[in-house]
Structure formats: structure tokens, C-alpha cells
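Taking it in order: structure first as C-alpha cells, then the write-up.
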Amino acid sequence: MDLASLRAQQIELASSVIREDRLDKDPPDLIAGADVGFEQGGEVTRAAMVLLKYPSLELVEYKVARIATTMPYIPGFLSFREYPALLAAWEMLSQKPDLVFVDGHGISHPRRLGVASHFGLMVDVPTIGVAKKRLCGKFEPLSSEPGALAPLMDKGEQLAWVWRSKARCNPLFIATGHRVSVDSALAWVQRCMKGYRLPEPTRWADAVASERPAFVRYTANQP
């Protein structure tokens, strides 16, 4: 594995990421959520993509793609491992969203190219990174109150907002993916909350990918 070449690709791709608002439709009609996991000891990459109506946040479509994993897990290069399955799930959708929430980092990455940025750039769709753990940068400690907020900074640059979406839960790291500003990324995530730690798009993507009870109940009620 030529990590020097992959690192150079990341730096080059990151230079093309658009960090300002360029939504084709604002407000969007459809928002997608995307989540990636692995099966069979990492040999299979599984990507779930869901479509929700906005502003009702009603689930209208979901797809799950499973493909052979083409790259081992290497910290800092996860997007190269996850992107092929995300693309496969994206191509399965019967209609394309105006905005995509990706479970993972956007520009809040050492080389400013997390999976949300990588995917958004490659398919040219506005994306937001919604990550559960910090990958780089520093932030001031948050209060325990829901709604507590702090910028994630690295080398004098704001990479994300660190936001405690729910009491007694760890904060989310909300970043520009592509074609969405960091402030708008936070605003869109806040508009898509329904009382859980995660916004509805990535909450549903996680539920579909992992066949969690919410998704099992949903499918049981479908005609």
C-alpha cells in the first residue's frame, strides 16, 4: 500500500472541496443519510443510504450495498476504504437527494479529507460530516448541558462544531463535507433532530445498516 501516494491524493482532492454553501435546492426536498460498516471480519464493506423528505423527515427509501473490501483499515485513510460501497449504495437510489449527511468526518481530518468530503467531492453533492469521535484538532471542554457548543480548531482554522446534542451523551463533531459551510452544517443537523443523539438522516442510516429495532419495526409496518 503506497501511503505516500494516497496522502498526496488526499491533499490534492482536499484543495477542491468547496467550504461554502452551494446547495442546488435550499431548502432541500430530500436529505440522505449514509453509514458504512463491515461484515465477515472486515472482508465485506456494507453501506446504507436512506432518503428522508424534508422538512417532515419521513423515511421514503433505503438501500444497502455490500461489496468486497478493497483496502485494509489504515487510520487517516478510511475514506478510500469506505467510498466504493457508498458509491454503490448511491447508485442504487431511485432519486438523488439535495443534501447528504455522512456518518464520519468531513474536513475535520488531518489532511482535510474525511469520508464526507471525499464522497461529496466525487459525486458532486452537498455533504455534511457527522462524526462521533474527534480525529484531529482541539476544543474547549463543553458543559454537560444539551446544546453546549464549541469550535473544533486546528492550526488556527475552524474545522467543525463540537455540539452536545443530548444530555448525558458525548458530543457530535459536525463539519463541512462539500458545498456546505461549517455554520450551515450545524444548522442543518439541528433542523434534523428528533430528540436522539444523532440527526434523523444518520440515525436512520445506522438503523438500516445494523437492522436496529427502529428499522425492524418500520419494515414490519410496511404493506
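Just so you know, glycine gets a Cβ as well, placed from its N, Cα and C.
Some features that Swiss-Prot has for this protein:
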- Asp35, Asp103: Mg(2+) binding site (BINDING)
- Tyr73: site 'Interaction with target DNA' (SITE)
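Feature map: annotations from Swiss-Prot on the structure.
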| residue | record | Cβ within 10 Å |
| --- | --- | --- |
| Asp35 | Mg(2+) binding site | 29 |
| Tyr73 | site 'Interaction with target DNA' | 10 |
| Asp103 | Mg(2+) binding site | 24 |
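A straight line from the CA of Asp103 (Mg(2+) binding site) to the CA of Tyr73 (site 'Interaction with target DNA') spans 17 Å. Between the C-alpha atoms of Asp35 (Mg(2+) binding site) and Tyr73 (site 'Interaction with target DNA'), the distance comes to 16 Å.
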